[in-house]
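The structure appears below as structure tokens.
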Amino acid sequence: MLRSALLSAVLPLLRAQPFPCPKTCKCVVRDAAQCSGGSVAHIAELGLPTNLTHILLFRMDQGILRNHSFSGMTVLQRQMLSDSHISAIDPGTFNDLVKLKTLRLTRNKISRLPRAILDKMVLLEQLFLDHNALRDLDQNLFQQLRNLQELGLNQNQLSFLPANLFSSLRELKLLDLSRNNLTHLPKGLLGAQVKLEKLLLYSNQLTSVDSGLLSNLGALTELRLERNHLRSVAPGAFDRLGNLSSLTLSGNLLESLPPALFLHVSSVSRLTLFENPLEELPDVLFGEMAGLRELWLNGTHLSTLPAAAFRNLSGLQTLGLTRNPRLSALPRGVFQGLRELRVLGLHTNALAELRDDALRGLGHLRQVSLRHNRLRALPRTLFRNLSSLESVQLEHNQLETLPGDVFAALPQLTQVLLGHNPWLCDCGLWRFLQWLRHHPDILGRDEPPQCRGPEPRASLSFWELLQGDPWCPDPRSLPLDPPTENALEAPVPSWLPNSWQSQTWAQLVARGESPNNRLYWGLYILLLVAQAIIAAFIVFAMIKIGQLFRTLIREKLLLEAMGKSCN
């Protein structure tokens, strides 16, 4: 049985007639030839067998592709002619390629195609004409390609497309029109592409997305419109794209967006809007988009955000809100509902302060970038309950101090970047430095934070401070946090230094001077001694006064007794 099976497998190979491989080609695969060099105009002289199924021709000399180049190749299925400087193609060149399924003519110098050049290739499934010099296309060029599934016209010089150019391409799944000079897409251009899955229109000069242009593309999963000149998107332009998963609108000229523009694209998992001069966002922009994983709003002119802007994006994992020079404040609760958020980019904005609850509810947050802002202080509770937080970037702000426990109870924290801030290394920073002493590996080594003052600690890095002797008097007695408004109104305990002493201490710290500890404690002890002496004097006086009263009472009683005796 095994012997007969082997014979059955080998006999067809033995019966196959090998074809002669041209000297200038390689034939490493049966029925396939790979040739380079030579002239485009003399392909017929290579002597390629007519029973080939695959031909790859590349790096040939410039010339015109002649109509007899592939005569008799009726079984050819894959043909690739790339990097060969083809300047033109004679009519009828592909007439014998009736079984061709893939035609690749990439990276040539083709400026136009004869009207009927593709008519005989009715089985064609893939056509790639990218990286050429095509300026216009005949409206009937693709009329017979009813089985075409992939069409690449990218990297040409197309500025206009006839409205019915793709009317016969009902099986099309991929259409790449990127990197051309298109300024407008006519109505009805994509009316027949009900199976289209990928539409690539990026890097053109489109100025608008008109109503109805995309209405029949219900199967579309990827739409790329970035790097155009878009100034407007029609309301409801994306409403029929129920299967869309990726939408890119970045790098355009959009100053505003219609309300509810993304209300019906619930399947989108990636959305980019960055590098647009957006002035504001409508109160309602996104619908229930639980599948959205990434949202990019970088490089805009936004000065604030609607409070409920991201409320419906419960599955969002990455949110980029960076390089917005006018974004100076965040409304309360703007990130509410983003329970799955992992990465939050807020760097290179104009944020001067953050609310204490700005990050509340972001239990899965791992990275937050706040560098290159104008932050002068951070609330103590800003990072509270962010148990998954791993990295915090705070470089290039205006921070002078930090609460000692601002990063406490963050078990996953591995990186805190604090460089390029005007740190005031006085007793107000001491508790944070003490926390840092117990977490030495958390601070970045490349750009360590340095003290701006006071002398003599100016220009010292935090590492040098931690390695030196303690310079803050009795740091254990320092309050954990700055006093609150209620604390300022509370009565001052009698054992605290008086107001003159507090003012003197505050003036020394404000001037960046270290207080004279010995003088301070000497005055304090002298005050205690004076208080003790005064108290002793008062007690002594009270005793004497008591004794005097007792003497006077005794004498009065004696006088009264003597008076009664005389009577």
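Using the three backbone atoms N, Cα and C, a Cβ is placed for every residue, glycine included.
Some features that Swiss-Prot has for this protein:
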| type | residues | note |
| --- | --- | --- |
| CARBOHYD | N51 | N-linked glycosylation site |
| CARBOHYD | N67 | N-linked glycosylation site |
| REPEAT | 75-96 | repeat 'LRR 1' |
| CARBOHYD | N181 | N-linked glycosylation site |
| CARBOHYD | N243 | N-linked glycosylation site |
| REPEAT | 267-288 | repeat 'LRR 9' |
| CARBOHYD | N298 | N-linked glycosylation site |
| CARBOHYD | N312 | N-linked glycosylation site |
| CARBOHYD | N385 | N-linked glycosylation site |
| REPEAT | 388-409 | repeat 'LRR 14' |
Per DSSP, three-state class assigned to N312 (N-linked glycosylation site): coil
DSSP helix/strand/coil residue counts for the repeat 'LRR 1' (75-96): 0 helix, 9 strand, 13 coil
Tally of residues which DSSP labels helix, strand or coil - the repeat 'LRR 9' (267-288): 0 helix, 4 strand, 18 coil
The repeat 'LRR 14' (388-409) - residue tally per DSSP class, helix then strand then coil: 0 helix, 3 strand, 19 coil
Nearest-integer angstrom distance between the alpha carbons (Cα) of N385 (N-linked glycosylation site) and N243 (N-linked glycosylation site): 37
Under 8 Å by Cβ from N298 (N-linked glycosylation site), same chain, sequence gap 6 or more: F274, E275, G320, L321, T322, R323, N324, G345
Integer Cα-Cα distance in angstrom, N243 (N-linked glycosylation site) to N67 (N-linked glycosylation site): 44
Top Cα neighbour of N51 (N-linked glycosylation site) in the set of glycosylation sites N67, N181, N312: N67
